[in-house]
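Noted in Swiss-Prot for the protein shown:
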BINDING   147, 150, 200, 203  Zn(2+) 1 binding site
BINDING   164, 167, 186, 189  Zn(2+) 2 binding site
DOMAIN    4-68  domain 'J'
REPEAT    147-154  repeat 'CXXCXGXG motif'
REPEAT    164-171  repeat 'CXXCXGXG motif'
REPEAT    186-193  repeat 'CXXCXGXG motif'
REPEAT    200-207  repeat 'CXXCXGXG motif'
ZN_FING   134-212  zinc finger
């Protein structure tokens, strides 16, 4: 049985991602062929990269823990990658050939060593103005890229890749045990179905290597919080010429100091003086695209009233229609008054009381409370 990935990295099965990365970097530095003359350095370095490639991916790691080293390694060598995040093994796929043989199925066709690369996820935070206008962002991340020395074949230039003579290119051998036929990964080609006699020195026969990447991604106008944008073929490069995975950019929009977002509508709190509330008028309010517009305040506006500015909200993806901006009125009462202001308010107070006494509405309301 092969040494499992946790043993290769020297960590426990409960190790955190931080512990895994720390162990990987330490071992990769120790066994990198360019920094040591040890005979088994290249083999060890390849094992370390393979182990970390699986355990750093939560979905691959879960599948590895569930199915075990040998089954996982065999399934992955057959290209058992999923569409979202890499390896999503299906128990029916893994043991499908076993039950096919039990029911009288024939021998499988030769497998391909060109496993699809894993999908990648990148979290990108933008502000509300960027979400409104749309923006092009440069992002940086590390991933497996196609080897530019062997062009993804995994073999030195000019060297041919041959079909494994032990399994006939199937990637598996079969053992008859009584009534049952058990299939296991080929010991000679490790389930690849092919033999690389002279592996590429740069990628160690994998057809890909780890590299820091820079990529420009376009964020469309009107993007909403938690939107996922797919970039086909920008994920990890496949093994030995396999198709690349996809890159998924998950958008998070920062909270804004003024606006709250509700779909395509924007909400904001608008403070006005009690004089403007009583008499009405116009007031300038800021808008998301920049600048200000005039908002009409009707006479008699009350605290908590809501006034709407049509088509002054967020833009919508793939649409010319915009949401609205809804202003929530907050009437401010002055804390400090001049002598003249106080006199005017006292006069206003007297007139207000007289009006209520004359129309009887105030006394009728008070009377109803005690009846």
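Positions of Cβ are set from backbone N, Cα and C atoms, glycine also.
Contacts of residue 167 (Zn(2+) 2 binding site) defined by a Cβ separation under 8 A and a same-chain sequence distance of 6+ are given as 173, 186, 188, 189, 193, in order along the sequence. Taking only the Cα positions, the spacing between residue 164 (Zn(2+) 2 binding site) and residue 150 (Zn(2+) 1 binding site) is 20 angstrom.
Scoring each of the binding-site residues (147, 150, 186, 189, 203) by how many neighbouring Cβ atoms lie within 10 Å, the top position goes to 203. Listed in sequence order, 147, 149, 150, 153, 154, 155, 156, 207 are the same-chain residues six or more apart from residue 200 (Zn(2+) 1 binding site) with CB atoms under 8 A from its CB.
Across the range of the zinc finger (134-212), the DSSP-based residue counts are 0 helix, 37 strand, 42 coil.
Across the domain 'J' (4-68), the DSSP tally of helix, strand and coil residues reads 45 helix, 0 strand, 20 coil. Confidence across the domain 'J' (4-68), taken as the mean pLDDT and rounded to a whole number, stands at 85. Its own atom aside, the Cβ of residue 164 (Zn(2+) 2 binding site) has 22 Cβ atoms within 10 angstroms in the protein chains shown. Same-chain residues with CB within 8 A of the center of the 164, 167, 186, 189 CB atoms, the Zn(2+) 2 site residues themselves not counted, are 165, 166, 168, 169, 170, 171, 172, 173, 187, 188, 190, 191, 192, 193, 194, 195. Same-chain residues with CB within 8 A of the center of the 147, 150, 200, 203 CB atoms, the Zn(2+) 1 site residues themselves not counted, are 149, 151, 152, 153, 154, 155, 199, 201, 202, 204, 205, 206, 207, 208, 209.
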